[in-house]
Amino acid sequence: MPELPLALWIAFAGVLGLLVGSFLNVVILRTPERMQADWRRQAREVLELPPVDEPKPPGLVFEPSHCPKCKHALAARDNIPVFGWLLLRGRCRYCNVAISAQYPLVELLTGIASAVVVWRFGPSAAALAGLVFTWMLVALSGIDARTQLLPDEINYPLLWIGLGLTLIPTWQPHAVAPSSAILAALIGYLSLWSVYWLFKLLTGKEGMGHGDFKLLAALGAWMGPVALLPVILLSSFIGALVGGTLMLLRRHQRDIPMPFGPYIAAAGWVWFLAGDELLGAYMHLTGMQ
C-alpha cells in the first residue's frame, strides 16, 4: 500500500481540526456552566440549605447544539465548521440574534493549528499526541478568555497525559524522562505559585489564578525543565504586547484583570513546535554556538 503524501496528511489534520474545533466550542461554553452549577450545589450543601430545582447543566456530548438565545436546535447545515456561521451571516436562523464570532474563530484556529502540528511532526504517534496537546490548550484558552477560569477537568488530564507519555517514548513529541517530567511539573507549579504570593504580599492583589500554576506544570510535564523559563518569558512578552495594545486602543482598562492562561498556552504551543529552533537561533545570535 503506497504511503500518502505529507500534504494529504496535513489537509486531513486541518479538516479534522475544524471538526474538533466545533466540539471545543461546546466545551468552552458549557464547561463553566457545569462548574458553576456544581459550585452552587456544593455551597448549598455546606450551608445546609435545601436543594433548589434548577435546570440541569447541558452535557458536552449528547445534547445537540442550540441557539443560546432562543434555544432552538441548530440544523445540521448550520453546524458545518466556519461555513455554517458564514452561511448564516453570523445570525441565528430562527430568532436573528447575532452569533458570536468565537465559533468560527475557534474552529479556524483549531484547524490551522492541527495542520501545523502534522506538518511539524509528520504522520506519527507523536503528531497524534501533539494534536491532543493542541486541542486541550485551545479549550483552556477559550474558557479562560471568557470566564478567567482554567478548569481542573482539563488541566489535570493534560498534566497526566504528559507524564504518561514519558513511559511511551515513541509517542513523545519531545524526549523527556519520567523524572525530568515530574521535576518540571513541580518547578512549573512552584515558580508561578511563588510569583503569585510575592505579588500578593507586595500589592495586596492577586496577579494570577491557581489554574495558571497547574497549566505551567502540565507544560513542564510535556516538554521538560528546559522549556519552563522560555515559556514564562514568552508568555509575559505576549501578554504585555496584547495588553498594551488593547489599552492603547482603549479596549481594556488597567485595573480590569486579564486572563494569563491564553498567553501561557500560546507560548507553550510555540515552544512545543519550534523550541529547539528558537533556542538554536538565540544561541547563534548571542555567539554561544
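Residue positions begin at 1 at the first shown residue.
Every residue gets a Cβ built from N, Cα and C, even glycine.
Per TrEMBL, transmembrane segment is recorded for 6-29 (among others).
Annotation comment: TrEMBL describes 15-121 as domain 'Prepilin peptidase A24 N-terminal'. When pLDDT is averaged over the domain 'Prepilin peptidase A24 N-terminal' (15-121), the result is 87.
Taken from TrEMBL, the feature transmembrane segment covers 125-142 (among others).
The feature domain 'Prepilin type IV endopeptidase peptidase' is assigned by TrEMBL to 131-243.
Residues or ranges marked as transmembrane segment by TrEMBL: 154-171 (among others).
Residues annotated as transmembrane segment in TrEMBL: 177-199 (among others).
Marked as transmembrane segment by TrEMBL: 219-243 (among others). Only residues 6 or more beyond the boundaries of the transmembrane segment (219-243), in the same chain, are considered here, and those with a CB under 8 A from a CB of the stretch are 133, 158-159, 162-163, 165-166, 173-174, 176, 180-189, 191-192, 252, 258, 260, 263-264, 266-268, 270-272, 275, 278-279.
Summarising the annotation, TrEMBL assigns transmembrane segment to 263-285 (among others).
Long-range contacts of the transmembrane segment (177-199) within the same chain, counting only residues at least 6 positions beyond its ends with a Cβ under 8 Å from a Cβ of the stretch, are 159, 162-163, 166-167, 205-208, 210, 212-214, 216-225, 227-228, 232. In this chain, the transmembrane segment (154-171) lies apart from the transmembrane segment (263-285): fewer than three C-beta pairs between them fall below 8 angstroms, excluding pairs fewer than 6 positions apart. Panel annotation: around the transmembrane segment (125-142), residues 13, 16-17, 20-21, 24-25, 27-28, 31, 102, 106, 109-110, 113-114, 117-118, 150-151, 154-155, 157-158, 161-162, 165, 170-173, 215, 222, 261-262, 265-266, 268-269, 272-273 of the same chain, lying at least six beyond its termini, place a Cβ under 8 Å from a Cβ of the stretch.
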